[in-house]
Amino acid sequence: MDTEQVTELAAKEPVAAPTNEIASSPERFINRELSWLHFNRRVLEESVNPRHPALERVRFLSISANNLDEFFMVRVAGIRAQVREGIAERSPDGLTPTEQLKLINETVSQLAIDQQAIWRDLRKFLAELGIVLVDGQDVTKAERAWIEDHFLANIFPLLTPLAIDPAHPFPFIPSLGFTVALQLTRTSDGRPMNALIRMPGKIDRFIRFPGAKDGVIRLITLEQATSLFIGRLFPGYTVKGQGAFRIIRDSEIEIEEEAEDLVRLFETALKRRRRGSVIRLEIEAAMPEELRQFVQDALATTDDEVFVVDGVLAMNELSQLTRVDRPDLEFAPYVPRHPERVRDHGGDIFAAIRQKDLIVHHPYESFDVVVQFLQQAARDPDVVAIKQTLYRTSNNSPIVRTLVEAAEAGKSVTALVELKARFDEEANIRWARDLERAGVQVVYGFLQLKTHAKLSMVVRREGGSLTTYVHTGTGNYHPVTARIYTDLSYFTSDPVIGRDVTRVFNYITGYAEPIDIEKMAVSPLTLRKRMIEHIHGETSFARQGKPAVIWMKMNSLVDPDIIDALYEASQAGVSIELIVRGICCLRPGIPGLSDNIRVKSVIGRFLEHGRIYCFGMGQGLPSAKAAVYISSADMMPRNLDRRVEVLCPLQNPTVHQQVLEQIMVANLKDTEQSWQLLPDGSSTRMKAAKGEEPFNLHNYFMTNPSLSGRGKSLKESSPRRLTRRNERPPS
């Protein structure tokens, strides 16, 4: 999109207060919850993007539904708890919890309507492409015979028909549980009865009929298949009415501040979470009103917690459709590259790092290099110690296996396992016990702080002294998500960074606050201060008439202090470009407040997850003298105040150039996957300016090598240099 177009849009956007008043008004912030819903709207819009293959569009629809489930389990649950407890504290944008709930429900209702409309269109489109989802009444005679055999062999044994009467009270329904409610009449005497059938959660939602006549794949949902054979479950009864419902429960964990055994404490809290209060009840529109009221009363839900859905429930499960064998309807497979510099050294990653710092750009470059770093450490007789943080990792994690191998080889191994990683708590308890059994020193960090920093440290004997090798990154030690999340892995043997990381581990394990961090910044101690100092520095350069530029890339921008510092910088004339995938509480493009701030969001094939912060230092951007950092932290109060995070400077010239001039420029240059954020928090798709070629950053990185990992092959083939068109100067 042309800068002039964005400016025009911003000028037309009404603001609720005069410019000279908004700078000190709560209206200078966008509501966090509504901003998140705007983000999820962008995800949903990808399901109608004609550039995406059909099954990828289904995947985006499924992701938007899954996102919404988690939003209710965590954010809405928290706001409802505030309302229940009579808390009227206003959010930074000036809304009470009750006001926020009202706006959330209005926005979600429209979002849900749009999801169903998109699914109806996608279902028709899939049918045209040879993937047909049939309703129960539309199965052929042969299909009915097959599905009956399949039902009796694979579904019937898993179902438990539940009559509801004084002797059989309404059962507990787990969060995200999918249930069919029935109104039945006994054939012998006409006596009415209500009943439930809970759909089993461990089998596929979509059942594929055998064969594919003329290449057409036909499927039926689990609930439709079950409805064909209700008589098998309730013989002697006639169905008078039925409908499915689904609930979402509060999934927040409350923990005591004093606990002798943190693992046992979390195990107890997880059991409580399974029985959290119902915060959302989704009911099929086809369910009779009397039956609907019966379900609502049994679950003790209020009217504003009930959402009547005219369509399919549990849209998060639509992703299962992408398993059908139609690779022509998916993104072409992509195989990540391996850094050539490591190959130049015969696979010796320590030698590659000793040569100079290395940055690996996932998923374009393989996460295997991170696993290799730890595997080589585990098997190297000169390695004496390994320290590792674990926030989220995969099932059957190679990282955990390698730490076990290292401990069994007699090395000193310390693992910080974060028990408070939401929805991964149970897995992390399991990993912690496996590691302890192998002899790993397992610590759990702080009760009040989550350890979100991504750190791995290897201490190796070299030439009579010890050398510390460090890996720090923007993403989790998770080989599965590393294939779809864009993140950065930074490897260095810089002794100063090594000392800083050692101090961070000592802080986590021994609670002693580091007072002499040299290069890095650490939250909750110094990270916010470092960021604000840099923003103020650019503000000062602007006031002196020097070039003043800030580029930032993050998942979320929420922190009021950071936002206010950026507003002040904008008013001083600093040119600020922000790439914020998710929540953004800053209002861009408001005259007199944020004229010089542009915000974009990138939504595409890969999930943008890296955090990069760049400051021109009086030279503008890009510049070899710029301050460039990567971090595990977003600019949110939780990251800056309630988590252990690190901000790491990139000072090696090649690494610095790759992140600033290749990765950041590509993100800013992208037009095919980008949205421009508007002052009201909504967004509009960007388009290439007149005369400018459309640019897709994901395609660029899939087809162009990185700089720092190229080794000697860089002389033979260099990545295509990126340039950006001139933009209007800051006012």
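Backbone N, Cα and C define each Cβ position, glycine as well.
Here is what Swiss-Prot records for this protein:
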- HIS452: active site, phosphohistidine intermediate (ACT_SITE)
- ASN67, TYR485, ARG581, HIS609: ATP binding site (BINDING)
- ARG392, ARG422: Mg(2+) binding site (BINDING)
- 713-731: compositional bias 'Basic and acidic residues' (COMPBIAS)
- 701-731: region 'Disordered' (REGION)
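If you take the Cα of TYR485 (ATP binding site) and the Cα of ARG392 (Mg(2+) binding site), they are about 13 angstrom apart, rounded to a whole number. Compute the center of the Cβ atoms of ASN67, TYR485, ARG581, HIS609, which mark the site for ATP; besides them, the chain residues with Cβ within 8 Å of that center are ASN555, GLY582, LEU607, GLU608. Each residue contributes its Cα atom, and for ARG392 (Mg(2+) binding site) and ARG581 (ATP binding site) these two points are 20 Å apart.
Of all the recorded positions listed (ARG392, HIS452, ARG581, HIS609), ARG392 has the fewest other CB atoms within 10 A of its CB. Annotation note: ARG581 (ATP binding site) sits in a coil segment as assigned by DSSP. In sequence order, ASN40, VAL43 are the residues near ASN67 (ATP binding site), counting only same-chain partners six or more apart with C-beta under 8 A. According to DSSP, HIS609 (ATP binding site) sits in a coil region rather than a helix or strand. For the recorded site, ASN67 (ATP binding site), the DSSP three-state label reads helix. Binding-site extent for ATP: residues ASN67, TYR485, ARG581, HIS609, maximum pairwise Cα distance 16 Å (rounded to the nearest whole number). According to DSSP, HIS452 (active site, phosphohistidine intermediate) sits in a coil region rather than a helix or strand.
Across the fold, the C-alpha of HIS609 (ATP binding site) and the C-alpha of HIS452 (active site, phosphohistidine intermediate) stand 14 Å from each other. Across the structure, ARG581 (ATP binding site) and the residue listed as 'active site, phosphohistidine intermediate' are spaced 19 Å apart at their Cα atoms.
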